[in-house]
Every structure is written in C-alpha cells, then in structure tokens.
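Trainee: The structure under discussion is supplied below as structure tokens; questions concerning it will follow.
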Amino acid sequence: MVNSLSIVILAAGKGSRMKSPKAKVLHEICGREMLYYSIKAAREITDDVIVVVAHQKDAVIAAMEKHFTDLTFITQDADNFPGTGGAMMGVKPKYDNVLVLNGDMPLIERSSIEKFLANPADIVMSVIPLDNPSGYGRVVIENNSVLRIVEEKDASADEKAINTVNAGVYAFKHHVLQTYIPRLSNANAQGEYYLTDVIEMARNDGLSISPLYVEEVEFKGVNSKNDLAGAEMIMMDRIRRFWMDAGVIMQLPETIYIEEGVKFEGECIVENGARLCGNTLIANSHIKAHSIIEDSTVRNSDVGPLAHLRPLSVLEGTHIGNFVEVKKSTLTGVKAGHLSYLGDATIDTGSNIGAGTITCNYDGVKKYQTIIGKNVFVGSDTQLVAPVEIADNVMIAAGTTVTAGKYESDILILSRTPIRKVAGFFTKFFGKGK
Ligand code: UD1
Ligand code: CA
C-alpha cells in the first residue's frame, strides 16, 4: 500500500457512444463490470479510492458495493458542471498525491499505476503514440514538455494530425487540483469542464508537467461496443495465461471463455470451447469440449463434452457426460453419462443415472427436491416427480415414472405400460406395396 496516494476514478459519464440504456462503466468484461477492474487495481495500491458517480449512480454504487467495501462515492453535479473537470469538483482526497483514472479503462494494472508515482513532477500525465489517434484528446508536446491537451472536437486540422494522445491517467499534487479545478471554463465545443485544461493553465504558471509514455494495451479507453469486445479479448487472454501459469492445461486456449470469478485448484484440464462463468471452482477435474459451467463447484470430476452445469451445482467424484444439464444439485460419486436433466437434486455415492433421466422438479408454481441415496440404479428414461426421496440400494426400471413420495431401501421400482402386439397391423396400415 502506498498510503500517501489517493486514487480518483471518474465514472459519472453517460457513455453515449455505447448506445445503451446501461451506464458505460457497468458494461461487463469477463463477467464483471468494467469499473470493477480499475477499482481492483486501485485498491491494491491505496486505501483512499474515490469513485465519482452521477449517471445511474444508484446502479453503479450497488454494483461496486457487491465487490468492495470502504469506497468513497462522490456525486458529480453533472447538469451544471458536466465533463471530466466537473467530475473533479467535489473530490476531497485524503492524501497529497492524487491519481486520476478514467472509469472506462479496465485493462490498467497496478504496475502501470505505480510508474506514475516514481515521478516528482507537479503533474505526470499518460501519453500514447497511436497510428490512429481518433477519439482521443491530442497532446501538444514541444521539447519533451507538454503544452496542452486539445480534445478531438476542439482540434484544428493540424492538431488532429498529432498522433500522441492523452491516455486519461494523471498524477497531480493536491494543491494543483485545488488551484486549477475551480478555474476551469466550459467554453469549448462540448460545453463541458475538461480536466485536461488543467494542463495548459499549470504550464502557463510554470509548473512541471511530465509526459509518461504508456502501452495502449493497458490504457485503452472503452467507448463503444467494439472497444468492449476488444478489451474483453485482452482481459480473457490475461485470465487464461494466469491459470495456465498456475498449472491448468488448456486445449486451444483462445477458444475457452473464463470469467474473472472462476478459480482452479490442483491439476485441471479444460478442452476447447468450454465456457466457465461466475463464481465457479474447478478442482482436479477435466472439463471437456463445449461444456458450460455457471456458479458451480466441480471437484475430482469430469464434465462433458457438451454438458451444462447451471448455478449452484456441486460435483464431487462425479462423471457427467454429454447433453446432461445439472442445476442446483449436489452429486457425490455419481455417474450421469448421457442426456439428462438433474435439477434440485441430491444424489449419493455409487448411484448411476441412466440416459434420458429427468427430475420433474417444477409444477409451474414451486420447485421440489429429488433425493437419491447410495447405489441407486436409475434406469434409462426415468422421470422422478419431485418431491421424491429414494433410499439406498434401489433399482428403478427403465421407462419408470417415479411418482412423488418416499421409497424404501432394497426394492425395484417399476411402472410400465404392458406391451400390446397387434398382428398384421403394418400391412393393414401401409398396404402390401410397402
Ligand atoms: C477523455 C479525455 C481525453 C482522453 C480520453 C482517454 C477529457 C476532457 N478528455 O476523453 O483527452 O484522450 O479520455 O480515454 O478528459 N466522466 C465523468 N463525468 C463526466 C464525463 C465523463 O465522470 O461528466 C467519466 C466517464 O464516466 C469516463 C471518463 O470520465 O469514465 C472519461 O469520459 P469520456 O467521455 O469517455 O472521455 P473521452 O471523451 O474518452
Ligand atoms: Ca473515454
């Protein structure tokens, strides 16, 4: 922790270029809101993280409070003081060094933030040379000294040709902000108070301003849904590399989707096309091709190919085969090899679930539990009408509809319509020509 640093994250803007009813900073990357990532990086460095909100502020605050405690939220008066400079007006940092981050930069990491702190200038600002600078503010630099930042909408043709852009991260001494933020004006193309105008004012007063060259891959602003997809690819790559470094085997990793909340333990194999979401833990398990796992725990098990574990499934020592869907169920030492739906179920060691088995867990109003004991052999195409409880050591014949109730140990459960044979029927129906 660098306890002499406050970090301000600007998250009050609408993000109109996203063309969405949802606030820009709440759009998700790898299963978490993009604002989560910059706050996470900030929290690794300091205890004073200030998030400026306005647009959809209740939703933004609620989303971040799910992940973090002790954040300071400040509301911008965005109607009267719009713009990134307006966002800074109510900010009261605890420390003398203040780092300002845009909330739409999810790819930033702790190590990059720290580079700003090593520099003693009054203002350190991030710059990136770009082949295509469009969309960013241009940085006018002479003799390695920053003169000013001009926003694209205010830039002359000559200024637009500058390809060094403002990445949107700045380290200020608190007194610099106290001096210049109140002096900002909104006399510009967007009628906004630009934080970036502080640079020129400070420069004119002889303050030291140091440009810090940074990598686009970490400082990329997300302004559109194209940018969102691009940032997600970069983040996903980092997540996969992190887990491969930690010992996970991935086949065709670029086809595997893994969210931020997913964790692995021990030696795991993940085959191509798998999608692992939410608060999922995979331990010593093999996830086969094109399986989807959401908010579930999988230990010492194999899943798929083409299986679907929906939220709150817990597998231990279990085999789940293709086209099996499991929801909110705990399976311990179970085999369910093919084509089943197991919802709201608890199934114990040694039990075998035949192909086509379905827990009928929902009557249109409520959900009900299916409890299956040890060593139960569930024949193919069985329907278990919940609530149903089956004791240990039971055999259920193929095709049985197990109606709701309790079934004792050491029995066969069988419901079958007797076979009818109608002689000559085929010929009668289709005629002799067939
Ligand atoms: C800003 C910079 C630009 C820089 C770019 C880098 C200004 C004036 N321009 O432009 O020089 O190249 O970032 O990505 O700062 N926000 C508020 N309140 C507002 C407006 C915005 O909190 O009234 C927040 C937004 O939620 C966002 C961040 O500030 O997280 C940046 O806003 P955005 O509109 O994306 O700024 P850019 O036009 O990209
Ligand atoms: Ca931006």
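The backbone N, Cα and C atoms fix where each Cβ goes, glycine too.
Where the annotation comes from TrEMBL, it is an automatic prediction and has not been curated.
Annotation source TrEMBL lists region 'Pyrophosphorylase' at 1-225. The annotation domain 'MobA-like NTP transferase' is assigned in TrEMBL to 8-127. If you look up TrEMBL, you'll see 10-13, K24, 83-84, G137, E151, N166, N223, R310, K327, Y341, N352 marked as UDP-N-acetyl-alpha-D-glucosamine binding site. What TrEMBL lists as Mg(2+) binding site is D104, N223. Residues or ranges marked as region 'Linker' by TrEMBL: 226-246. What TrEMBL lists as region 'N-acetyltransferase' is 247-434. The acetyl-CoA binding site annotation in TrEMBL covers A355, N361, Y362, S380, A398, R416.
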Trainee: Roughly how wide, in whole Å, is the group A355, N361, Y362, S380, A398, R416 that binds acetyl-CoA, by largest Cα to Cα distance?
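Mentor: The span, Cα to Cα at its widest, is 23 Å.
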Trainee: Where does the mean pLDDT land for the region 'N-acetyltransferase' (247-434)?
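Mentor: Taking every residue in the region 'N-acetyltransferase' (247-434) and averaging pLDDT yields 97.
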Trainee: I'd like to know which of the binding-site residues D104, E151 has the most other Cβ atoms within 10 Å of its Cβ.
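Mentor: When each Cβ's neighbours within 10 Å are tallied, D104 leads.
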Trainee: Rank the binding-site residues L10, A12, A355, A398 by the number of other Cβ atoms within 10 Å of each Cβ, and give the residue at the low end.
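Mentor: Taking L10, A12, A355, A398 as the binding-site residues, the minimal 10 Å Cβ count falls on A398.
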Trainee: Based on a Cβ-to-ligand 2 distance below 6 Å, what subset of the binding-site residues E151, A355, S380 would you report?
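Mentor: Cβ < 6 Å from ligand 2: none of the binding-site residues.
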Trainee: State the count of C-beta atoms found within 10 angstroms of the C-beta of Y362 (acetyl-CoA binding site), not counting that atom itself.
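Mentor: Y362 (acetyl-CoA binding site): 12 neighbouring Cβ atoms within 10 Å.
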Trainee: Would you mind listing the long-range same-chain contacts of the region 'Linker' (226-246), meaning Cβ under 8 Å and 6+ residues beyond its ends?
Mentor: 18, 27, 29-30, 34, 37, 106-107, 217, 220, 253-254, 256-260, 262, 264
Trainee: For the region 'Linker' (226-246), how many residues does DSSP put in helix, in strand and in coil?
Mentor: 20 helix, 0 strand, 1 coil
Trainee: Using CB atoms and a 10 A radius, I'd like the single residue among the binding-site residues K24, K327, R416 with the highest neighbour count.
Mentor: K24
